[in-house]
């Protein structure tokens, strides 16, 4: 492949590039790239449609019940109905979304939206409708990816499309396990693309809408607040205050549209109680690979050692996990973690990011800052789901080509994140699918990133908007990355193949615990790496 010669003068190079690309050809180029993106999206959609008959989790019944209660009950009863144990606990915009879908579901099969007769419905029409609704809603994700990459050069676009559009974690979570994360992440990318483009008002509006769909995205709200305060509300006291009023009014209008009807019906307390069920355990049932995995295991190790030494240690009386609301999780030796402690730790870990946004609110760095905030929420949050890693993995895919170090980090993190999702699909027939998705993703990343960085590296990272070619670079995974990934293979072999042979039905939790702990080391490494960049750039 022939490459342009390296130029020491980036200005001269940019002029040469402008001379080589006539202005009249730009619309045609954009049209071709849109055409290619549609092909990327179509391939992803076909794969998702092939997975319609596959396994789905209890979240399938959760969302079917939400269709039924929003369709069958008046708005004033949406957040108080207890016909099913899977009560509505998402913000109002998501409830309106389910209400919108319920009209199409009722036309296809009225049983789907029947509050009592539809309980645990698994008819072919129910499965088909639910699966297709998720697939179609991914159009928002595709638009968000296209919008945030539209100003990159074609080679960068195509590679990021491979990383984000074909992300295996999203396929596992949304189109096998069953959820609606794709279109929510699409709204996040739309917001980030607006901020990167200097459209702060649109970015703030899109983020406010996202929060009214799923409140767990609020972890990045402090970053948005500080960044917009410093970047949008600048220009002196009068102008800055005027802009603050405009942005605040827009956000208030969004929340009023979402929560206003429930305030009017006197249901706002019930809505908030459902949205924040702090009685759930510290960890989700699958033990998301975060800091609390090590905290829990250290507590168990201390309890074991103290008992061996003759001390009396009272055993915990409740589980560390809970899908439904119950008692908070106690510890045998270490202090019990409360939701308030978890919140304080999240805010403390985000604080370097807030300082960076305050001192240097650059649009080119905002995606990285938001991704780091979601990493903090994942590492120290309360009752974190393992699939919450998508909140920072997908944004980090967008900036994976900023530098070769970013590419190495994303290569490592995306594999760890995808592997940590394996316990979601525990049935034998889905095992080849999840392994194939991960291996295919790893192979595409390896060849794509090696080819890209072996040819050239974009100049400047966040410190420059120039795409001038400055040097060759090699995409090489060091000894640490290779050792860790090989260890992941060993963990999978031990848990999936050796455990049933050696231990049989004994210690059934062991394979899951091994995946959580081992993936936790990888997630902790990723978080520390992001933190180092934030601190080093302040």
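Keep in mind that glycine also has a Cβ here, set from the backbone N, Cα and C atoms.
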Given ranges 89-111, 158-180, the stretch to which TrEMBL attaches the annotation transmembrane segment: 158-180
Under TrEMBL, the annotation transmembrane segment belongs to which of these stretches: 59-80, 125-146? 125-146
Here TrEMBL annotates transmembrane segment, and of 365-382, 383-400 the range meant is 365-382
Other parts of the chain folded back onto the transmembrane segment (411-429), taken as Cβ under 8 Å at six or more residues beyond its ends: 54-55, 57, 163, 167-169, 172-173, 176-177, 286, 288-289, 386-387, 389-390, 393, 396-397, 400, 437-438, 441-442, 445-446, 449, 475, 477, 481, 484-485, 488, 492, 512, 515-516, 519, 522-523, 525-526
Positions whose Cβ lies under 8 angstroms from the transmembrane segment (285-311), at least six residues beyond its ends: 320-323, 331-334, 337, 378-381, 384-386, 388-389, 416, 420, 423-424, 512-513, 515-520, 522-524
Report yes or no: does the transmembrane segment (37-56) come within contact of the transmembrane segment (476-498), defined as 3 or more CB pairs under 8 Å with a sequence separation of 6 or more? no
Taking the transmembrane segment (201-229) as reference, the highest number of CB pairs under 8 angstroms among 158-180, 331-353, 476-498, 510-528 goes to 331-353
Other same-chain positions with a Cβ less than 8 Å from the transmembrane segment (125-146) and lying at least 6 residues past its termini are 34, 37, 41, 44-45, 48-49, 51-53, 56, 60, 63-64, 101, 104-105, 108-109, 111-112, 118, 160-161, 164-165, 170, 174-175, 178-180, 182-183, 185-190, 193, 398
Contacting positions for the transmembrane segment (365-382) when only residues 6+ beyond its ends and CB under 8 Å are counted: 148, 188, 192, 195-196, 216-217, 219-220, 222-224, 227, 278, 280, 282, 288, 290-292, 339, 342-343, 345-346, 349-350, 353, 356-357, 388-389, 391-392, 395-396, 398-399, 462, 523-524, 526-527, 530-531, 533-534, 537
